[in-house]
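According to TrEMBL, the protein carries these features:
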type     : residues : note
TRANSMEM : 126-155  : transmembrane segment
TRANSMEM : 176-193  : transmembrane segment
TRANSMEM : 265-285  : transmembrane segment
TRANSMEM : 297-314  : transmembrane segment
Amino acid sequence: MDGKQCLQTYFIVNKVFLFSCGTWPYQHTIFAKTFRYFWITQQIVIMAAKSIKLYEIKNDTDLVIEAVASFFYNISITIKFVNQVINEHKVKIILEKIQDDWKSLEDDSEIKILSYYARLGKLFNFMYIGAVYSALISYMVLPLTPIILDFIVPLNESRPKQPLIMAEFFIDQDKYFYPLMIHAYLSVLYGIIPLLGTDTLYMNCVHHSCGMLKILGNRIRNILNSSSRELSNKIKYEKMVKCIIQHQNIIEFCNNINETYSTSFLIVLCFSITLMSFSGVATVIKLGDNFNDVIRFGFFSVAQIFHLLCYNYMGQNVLNYGEELRAQIYNTNWYEASLKTQRLVKFMMAKNMHPIILRANIVPLCLPNFTRVIKTSMSYFTVLQSTR
């Protein structure tokens, strides 16, 4: 499989979402500018309306907490979109390196390994999209409950209608309820596209790096465990040189991922902590008042936790495969190789003493840090709850 075929097969999901908001690196400039214009316009309109509403309710703590959670959600997605636009050339470099890696595979076994991890990344894409849309649909459907009940079980008077989002458009909310509701639905569905495109692309890149680490480990094991009859010392040395180059390429690939996403991930991480705290308090506020809102904000809180878990799980995967590579090197018959080859192996061992880490800027992405973030969010939740 060549590089372009790889993108067409395993990155089709990312392409669809990123193309739809004008951030796919290979799309025509006209399409990119058009889709970016549409996305930015709808985002400005909805965030301006939310900002005005937030100002109007500034004296009502409970409503402010509810509105802030929704507002920060929009900011987080905007950060992802802006980062994707600013770093478009870096994303293109990452995708080109992935294509080069596919071209560098030496045999069918390596193609099978990388294909497995590419399929795994694609599977994670669908699982992630399914989870996000499940939470989103739950959030969107519940405001329709009074309308549906009025149709199925009508009362003497209509049940009070509830808007999907808290926003001020300076028009009669009751008179134009349905146009406003349609606008809100379209904004939510189109607005979330950069999040899905960016996160699924990140997952695919991480799985690719894991696959390349697995291939590298197999190459080193085959080289160092082969007898002198199978491979001469000279060939072993030459192959080990190639392995060191490949190892450096993997490190550079992960560094490219960090350079592209780490700063935006740190900002989103900070907003996610705030989002979980505010949406958690909003859920508590609605207890005993509006069960539909309890479910909505409960799903919203769980979605934020799931979002952070995915990031940290991806980072933990890279750490685990780096440790597995180190263990594979130690468990080979490297001491039976020539002195020149042994020096190369020792050099790689030394390089592996510093693990490959995916970061949200200064914060390493791993499962222990995920638990710390949840604890921090719970602390803020407690503080916010005590101020009411």
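The backbone N, Cα and C atoms fix where each Cβ goes, glycine too.
Those TrEMBL annotations? Automatic predictions, nothing curated.
Beyond its flanks by at least six residues, the transmembrane segment (126-155) meets 13, 161-164, 181, 185, 188-189, 192, 195-196, 199-200, 203, 292-293, 295-296, 299-300, 302-303, 306, 310 of its own chain at Cβ-Cβ distances under 8 Å. Sequence-distant contacts of the transmembrane segment (176-193) (same chain, at least 6 residues past either end, Cβ-Cβ under 8 Å): 17, 20-21, 38-39, 42-43, 45-46, 74, 77, 132, 136, 139-140, 143, 161, 163-165, 167, 169.
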